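Q: Provided herewith is a single structure, encoded as structure tokens, for subsequent inquiry.
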Amino acid sequence: MLNLIKLPQVFTINQVPKVFHEDGIISGYRHPCSSAKDCVLSLFQLTNETLNIWTHFLFFLWKLLTVVLVKDDWQDPFTWPFLVFLLSCCLYPLASSCAHTFSTMSERARHICFFFDYGALSFYSLGSAITYSSYSFPDKWVISTFHKYYVPIAVVNSVISTALACYSRLGLPFFYYNYHSIKRSFLYFTSIFVCNGEGCTVNEASTVHYQHTSLAVLTGFLFATHLPERLAPGSFDYIGHSHQLFHVFAIIGTHFQMTAIELDMYMSSVWDFSLLEISFLQVPFL
């Protein structure tokens, strides 16, 4: 059947406008004025964006399945912060995959697509903050001034970071993803190095939070450095370039984050174990 469909042509870096260029990526570019049909068809051919799209789209399907599986627990107010987090974990990979799919329709479309991507990532950061505030704060910090203003500050941060991220398309690409990695990890760095003594919980979830924090730092490093393709331009055009690795490690990091939050939920309240039986921990990891 695919033989009857003419797949779009791919181009080299010298054949597309500079706004579409990626550091260290020489080939595999799609037409800079692709139609929506061509963008969709490009999902089924190997370009330098194909794995960027599929890594996050498959992750979106997995999270959507999880939301459906826990629908019986939506009536429990204790799970509502976690539900917000689940929805944010569905939205950000969907927005990312759509942005990468349709970003070659035009230069303007490219900017708009990634504006939505940035907004979805900010919502994911906010969803993370809501669950941290609800389940993950050390006991001695609960009801503190820091706890009281944590979510409101996260809301302001999400708005500001979205605006700055959109501005970053004009020349500050380093800032955005690293800022979000730092913001999501802030609670755990402060918990580890600032909160000491009685009431500062160290448990099974702590180790998983450390793993998530480490992966958040790694994703920021990959996004900022464009390694390994900067070391060997043209060698990682289709498979193995930094943005693909960034997507993969972000997915793994989110998985650890979800696991840690589930453990925090379990330890913060005695609640129905039926939720755990259909939780992320029981859904096979892609």
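Cβ atoms here come from the backbone N, Cα and C positions, even for glycine.
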Q: In TrEMBL, the residues HIS243, HIS247 are said to bind Zn(2+). Which of HIS100, HIS111, HIS147 is said to bind at that same site?
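A: For Zn(2+), TrEMBL names HIS243, HIS247; of HIS100, HIS111, HIS147, the listed one is HIS100.
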Q: Is it possible to get the count of other C-beta atoms within 10 angstroms of the C-beta of HIS100 (Zn(2+) binding site)?
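A: Result for HIS100 (Zn(2+) binding site): 27 other Cβ atoms within 10 Å.
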Q: An 8 Å radius from the center of the HIS100, HIS243, HIS247 Cβ atoms defines the neighbourhood of the Zn(2+) site; name the other residues of that chain inside it, in order.
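A: Along the chain, the qualifying residues are GLU49, LEU51, ASN52, ILE53, THR55, HIS56, SER96, GLN244, PHE246.
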